[in-house]
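Chemist: I have a structure here, written as structure tokens, and I will follow up with some questions on it.
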Amino acid sequence: MEGPRSDVGRWGRSPWQPPTTPSPEPEPEPEPDRRSRSRRGGGRSFWARCCGCCSCGNRGDDDWGPEPSGSRSRGTSSRGRDSRGGRRPESRGSGVNAAGDGTIREGMLVVTGVDLLCSRSDQNRREHHTDEFEYDELIVRRGQPFHMILFLNREYESSDRIALELLIGSNPEVGKGTHVIIPVGKGGSGGWKAQVTKNNGHNLNLRVHTSPNAIIGKFQFTVRTRSEAGEFQLPFDPRNEIYILFNPWCPEDIVYVDHEDWRQEYVLNESGRIYYGTEAQIGERTWNYGQFDHGVLDACLYILDRRGMPYGGRGDPVSVSRVVSAMVNSLDDNGVLIGNWTGDYSRGTNPSAWVGSVEILLSYLRTGYSVPYGQCWVFAGVTTTVLRCLGFATRTVTNFNSAHDTDTSLTMDIYFDENMKPLEHLNHDSVWNFHVWNDCWMKRPDLPSGFDGWQVVDATPQETSSGIFCCGPCSVESVKNGLVYMKYDTPFIFAEVNSDKVYWQRQDDGSFKIVYVEEKAIGTLIVTKAIHSNNREDITHIYKHPEGSEAERRAVEKAAAHGSKPNVYATRDSAEDVAMQVEAQDAVMGQDLAVSVVLTNRGSSRRTVKLHLYLCVTYYTGVSGPTFKEAKKEVTLAPGASDSVTMPVAYKEYKPHLVDQGAMLLNVSGHVKESGQVLAKQHTFRLRTPDLSLTLLGAAVVGQECGVQIVFKNPLPVTLTNVVFRLEGSGLQRPKVLNVGDIGGNETVTLRQTFVPVRPGPRQLIASLDSPQLSQVHGVIQVDVAPASGGSGFSDAGGDSRSGENIPMAYRGGA
């Protein structure tokens, strides 16, 4: 088991406060000038490394024939034209470049250009499932071949030698996989090879195979040739850079997924649902992952750079996912998002106001500063974007009644005084109403067999792991079976989903005694978006055995035996005959409500129960405020009878105390006079917020302006001030912020906006509203975008990205 985690992070009792001004790290060192790099590895040493079996240099230069005297030369050629002067479509390359005196000798094999077939409609992008990326460069997935065309100054001959080069990082080395040499027509090392598929005189069609273990990232690309007349090297051209990603379609890749519908959902879907609230009152919001938006891929790679992750480790999905979990939060390393659970978001954006990841990631890429602010669903949404973009099958997961174990006991310990009133100064463990993290799919070669598949990655900074704020990847299978000694961070994740809630009461002598153990209170429902639908999928069964089953109890006790309180189960008391259930009325914010406690006597004797009810507001992280209403009542139950106690709560009573998410916590404790049985229950519930209503105004066509109408009714009798709308949708609208001023109490407003779709197909346009008085207001509409006239699938026009406009309302009305 790993060492204990630190007591700093994402709950209210922490002394940590978000920094007023995030401080960026120094930017990464600039890479050496491309021209100096183009000379690296030239001449005899380069060709010696073109061994057909490996890069060991066992083949000497003589294998390529004697080097002609004075053969190293430099020359030029018109970009985009073949040797006959005709226009060469889609050609890339800006001339020629060879070491030496700059002379192009007669008979030298000169590469005048390269076509990487990298447009979105070309074969490479379609076959590699990268055609949705809003990039002009070639983007391929490792372990899968791609095609290119070399344009030559003369016909290719059997005696000619051609080698492709891929380089990444500031100091590329063959032994570290950062300098890849691929001899054309010969087998390379580690699965790299290039074959001629068609020789059309001056054009050479190649099929290039990449290694399924290749480093991911953006590679520089060049071509070298050697002939009897001399050597030549194509100069580096930024337009010829190649992105290589993980490949869930490749059986040899560690991230391989053997279900096409999973790949479509968990790799290619650009939007999804994130669930929040409480188990009894589940809320859902649509999130724009936007992994294919222009700039997002560069932002994802920048994250690895900012962490200083060695390039040699970027081919390992376990290492990459762990770095991502550390870098999506800002603690330790000035990562992407600043966490804030204080309720004061005046120096940034309320976490509830975000509608997607694109604005966050592009801001981080553009400025290098951590973005304020995030909470668990924002960290998870951004993590899904980053991992899907890099090629992981990833989903966003919500765990309701998620425990936060601060002392590695693997139990949730709650302390009460003699009258069963919570002792908040002792209650360091907390139960979050919900917590959102990620599952990503991969093999685990670093673990024994049986732990492949879904792995938990959690970027929310709760506790440290190996000294940094990260969590995972952790095998879900190890969590299910209580194998808390498996890396990474299994004890913490196990406690989140399957620990027991232990109630301790202070005795007359000051000691504490266990008076109640609630075995079914933690991890009560674990959900994610279903494949190919907006329905909710219950995945609790993959995290834990059926609640109360022998296998589930074994897993809990096995895990607890490795915790800091291994003997907690030895002190448990006898069975009970009075059952208690808590219910809360489903209410919208601004309305009155009621909470009820139902008692049932399951025994054969009369029972008298003395109840205490304490009501307070609570953050979704389990941090509660002071009690603002309480009630006491004695209930007498005949054998087999039930009775209820109801406590009404008026809007004016809870309004002054409301915090984020509109959640409340009811602490109920009771004592059965006849048997001494102790009753205890904590019940959270939330006030619902309204939705935004979105209506499309006309048909959506690529490259043509389209309108949308947004309608909102203020449910509160008070004015909403400084109201901000956000609008975003991949392929439709770049992130847009709209300042609309104030909205009166119970007022209905209508807002109209336009956007220009840039990609066809079904899309999601997502909006949110935020103000100091009301947040967590969202809306979404599906937009089916038709291709532009003429069949063009994509538009070069970008969505309107103006930000911070003051927008007049199209219509204002009363209640």
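Count begins at 1; order follows the chain as displayed.
A Cβ is built for glycine as well, from the same backbone N, Cα and C atoms used for every other residue.
The annotation active site is assigned in Swiss-Prot to Cys376, His435, Asp458. Annotation source Swiss-Prot lists Ca(2+) binding site at Asn498, Asp500, Glu547, Glu552. For 66-78, the entry in Swiss-Prot reads compositional bias 'Low complexity'. What Swiss-Prot lists as phosphothreonine is Thr21. Summarising the annotation, Swiss-Prot assigns phosphoserine to Ser23, Ser71, Ser83, Ser91, Ser94, Ser803. Sequence annotations record features per position, and here Swiss-Prot assigns region 'Disordered' to 1-48, 62-101, 791-815.
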Chemist: For the Ca(2+) site (Asn498, Asp500, Glu547, Glu552), what does the 8 A shell look like? I mean other same-chain residues with CB within 8 A of the CB centroid.
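Modeler: Here the nearby residues are Ser499, Glu519, Lys520, Ile522, Gly523, Lys544, His545, Gly548, Arg553, Ala555, Val556.
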Chemist: If you measure from the C-alpha of Cys376 (active site), which of the recorded positions Asp458, Asn498, Asp500, Glu547, Glu552 fall inside 10 Å?
Modeler: Asp458
Chemist: Any idea what the Cα distance is from Glu552 (Ca(2+) binding site) over to His435 (active site), rounded to a whole Å?
Modeler: 21
Chemist: Quick one: Cα separation, Asn498 (Ca(2+) binding site) versus His435 (active site), in Å?
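Modeler: Roughly 14 Å, rounded to the nearest whole number.
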Chemist: Highest CB neighbour count within 10 A among the recorded positions Asp458, Asp500, Glu552?
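Modeler: Buried the deepest by this measure is Asp458.
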Chemist: In the three-state scheme derived from DSSP, which category covers His435 (active site)?
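Modeler: The three-state answer is strand.
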